[in-house]
Amino acid sequence: MKLSVNVDHVATLREARGGLEPDPVTAAHIAELAGADGIVCHLREDRRHINDRDLRLLRETIKTKLDLEMAATEEMIKIAIETLPDLVTLVPERRLERTTERGLNVVDQIPYLSDVVLEMHKHDIKVSLFVDPDPKQVEAAAKTGADFIEIHTGEYANARNEKAQYEELQKIKEIAKLARRLGLGVNAGHGLNYLNVIPITKIEEIEELSIGHAIVARAIFVGFERAVREMVRIVKGI
Ligand code: PXP
C-alpha cells in the first residue's frame, strides 16, 4: 500500500502567525525523503492553509506525485489546468467546516462531474472522487468516468466504540471491493492515525492512503524535545 502525505496542517501553523514558517513545501520535501509516495494538499476557496504559491512550488519541486484536493468549482478547475497535478481529488467544500466533513454527493451531480472528469482527462490529469462508503455513490462515481474513488474513512475514525468501528470497517471493505469490480482505483483517507490505520492497511483493494493531521500532530511531539533542547542551549550559552 502507498502513503501520500497531506501537508495542509503545516500551512495551518504558518497561517496562525501569518509569516513564512513552517513551510509546507519544506515539509513535503522531508516527507519524500522519509519515503512518502506522494504529496497531497487542499487548496481551499478561502486559502485558509495552502495558498497558490505553495501549490506552484509543490508542483515545481516535488519528485513523487502531487494530489490536489479541491472543490469542483470553476476557479479550481482553472487552477488545476494551469498547475497540472498528477491527480485531482474532488471534495465537497463548505466554508464554515473545519475540515472536509463528508463525501461528495456524486449521485446528484453525475453529468456535471462527468464534464469535470473529461476536462481533467484532456489535460492528462487523473481524477479521484472523495465518497462516503455508500454503494450508490460508488456506482455513480464509476458512471462519471473517474479513475479513482477515495473512501472517506472519517466515520470509521470517529466511531464511538469498537462495535461501531467494526461496522464502519466492514462498509469500507465492501465498498473497496465494489469499486474495484467497477474498474475504479481505490484510495482512502481522513482521520487515520497510528492505531486506526492498521486494519485499513490489510484491505488489499486499497492502493493508497492520504494522511495528514496525525502525522503533523505526531511530528510536534517527536520533535518538541529536540527543539526545546536546542533553544535551551542557545539561551544558556552552552
Ligand atoms: N482525504 C481527504 C479528501 C481530506 O479532505 C483530508 C483532510 O484534508 C484527508 C484525506 C486527510 O485527513 P487527515 O488530515 O485527517 O489525515
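In case you wondered, yes, glycine gets a Cβ from its N, Cα and C as well.
Taken from TrEMBL, the feature active site, proton acceptor covers His42, Glu69. According to TrEMBL, the feature active site, proton donor maps to His190. Per TrEMBL, the feature 3-amino-2-oxopropyl phosphate binding site maps to Asn6, Arg17, Gly191, Gly212, His213. According to TrEMBL, the feature 1-deoxy-D-xylulose 5-phosphate binding site maps to Asp8, His9, Arg44, His49, Thr99. Annotation source TrEMBL lists coiled coil at 149-179. Annotation source TrEMBL lists site 'Transition state stabilizer' at Glu150.
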**Q.** Between His42 (active site, proton acceptor) and Glu69 (active site, proton acceptor), the C-alpha gap once rounded to whole angstrom
**A.** 4
Q | Distance check against Asp8 (1-deoxy-D-xylulose 5-phosphate binding site) for the binding-site residues Gly191, Gly212, His213, keeping those with Cα within 10 Å | A | Gly212, His213
Q) Who sits close to Arg17 (3-amino-2-oxopropyl phosphate binding site): which same-chain residues at least 6 apart have their Cβ under 8 Å from its Cβ? A) none
Q) If H, G and I count as helix, E and B as strand, and all else as coil, what does DSSP give for Glu69 (active site, proton acceptor)? A) strand
Q. So what sits near His213 (3-amino-2-oxopropyl phosphate binding site) in its own chain, CB-to-CB under 8 Å and at least six residues off in sequence?
A. Asn6, His9, Thr99, Gly191
Q: Give me the mean pLDDT over the coiled coil (149-179), rounded to a whole number.
A: 97
Q) If you count the C-beta atoms lying within 10 Å of each candidate's C-beta, which of the binding-site residues Asn6, Thr99 ends up with the smallest number? A) Thr99
Q. For the recorded positions listed here (His42, Arg44), which one has the lowest count of neighbouring CB atoms within 10 Å of its own CB?
A. Arg44
Q | Largest tally of Cβ atoms lying within 10 Å of a Cβ, found at which of the binding-site residues Gly191, Gly212 | A | Gly212
Q: Report the recorded positions (Arg17, His42, Arg44, His49) that meet this criterion: Cβ distance to the nearest atom of ligand 1 under 6 Å. Use sequence order and write none if nothing qualifies.
A: His42
Q | Those recorded positions of Arg44, His49, Glu150, Gly212 having Cα within 10 angstroms of Glu69 (active site, proton acceptor) | A | Arg44
